[in-house]
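Chemist: Sharing a structure below in structure tokens format, with a few things to ask.
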Amino acid sequence: MEKIDIFTDGACKGNPGRGGWGALLVMGEREKELFGGEPGTTNNRMELKAVIEALNALTRPCEVIVHTDSQYVQKGISEWIHGWKARGWKTAARAPVKNVDLWQALDAAQARHQIEWRWVRGHNGHVGNERADALANRGVETVNSN
């Protein structure tokens with residue numbers, strides 16, 4: 001199974017507002033950069049979108065290490081999602097899970113891979129995270145500001 005490091009980030013100008021997501025996929029000496037943007041979104045949605053797009057870009061099952069500066073993503077996929085699914089996508093307080101569409105998409109995207117989820121401190125000089133941040137900001141720039 002191919003081993004891949006994925007660095008992801010989301011950005012938002014206003015929350016909600018124009019948002020962007022970015023992902024850097026590193027496979028040995030090879031790299032692939034992905035980014036995109038959406039109007040009227042949130043930082044959490046863009047963080048999720050970055051991981052979903054990165055995993056969906058993989059053409060076959062892989063051993064993946066996902067590096068994210070989003071505790072929302074890291075804890076959500078590693079800890080909270082099991083309870084949400086058991087409760088029919090409701091929180092412990094029985095409220096609907098926010099961003100359920102993206103959580104379900106991420107759950108499906110991760111299913112065919114072996115994934116280790118790593119949280120990294122954002123804006124702390126971590127090269128992969130800084131590159132993902134720059135890609136997310138490029139994603140914001142693709143969205144018209146009208």
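All positions are counted from 1 along the displayed chain.
Note that Cβ sites are derived from N, Cα and C of the backbone, with glycine treated the same way.
Quick caveat, the model's predicted, so the values are computed rather than measured.
According to Swiss-Prot, the protein carries these features:
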type    : residues     : note
BINDING : D9, E47, D69 : Mg(2+) 1 binding site
BINDING : D9, D133     : Mg(2+) 2 binding site
DOMAIN  : 1-141        : domain 'RNase H type-1'
Chemist: Cα distance, D133 (Mg(2+) 2 binding site) to D9 (Mg(2+) 1 binding site), nearest Å?
Modeler: 5
Chemist: Counting across all protein chains shown, how many other Cβ atoms sit within 10 Å of the Cβ of E47 (Mg(2+) 1 binding site)?
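Modeler: So the number of other Cβ atoms within 10 Å of E47 (Mg(2+) 1 binding site) is 28.
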Chemist: Quick check for the class: what is the C-alpha distance, in angstrom and rounded, between D69 (Mg(2+) 1 binding site) and D133 (Mg(2+) 2 binding site)?
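Modeler: Given the Cα positions, D69 (Mg(2+) 1 binding site) is 10 Å from D133 (Mg(2+) 2 binding site).
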Chemist: Could you find out if DSSP has D133 (Mg(2+) 2 binding site) as helix, strand or coil?
Modeler: helix
Chemist: How do the residues of the domain 'RNase H type-1' (1-141) split into helix, strand and coil according to DSSP?
Modeler: 56 helix, 51 strand, 34 coil
Chemist: What are the non-local neighbours of D133 (Mg(2+) 2 binding site), defined as same-chain residues 6+ apart in sequence with CB under 8 A from its CB?
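Modeler: Spatial neighbours, sequence-distant, of D133 (Mg(2+) 2 binding site): D9, A11, G22, G122, H123.
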Chemist: Given the binding-site residues D9, D69, which one's Cβ is surrounded by the fewest other Cβ atoms within 10 Å?
Modeler: D69
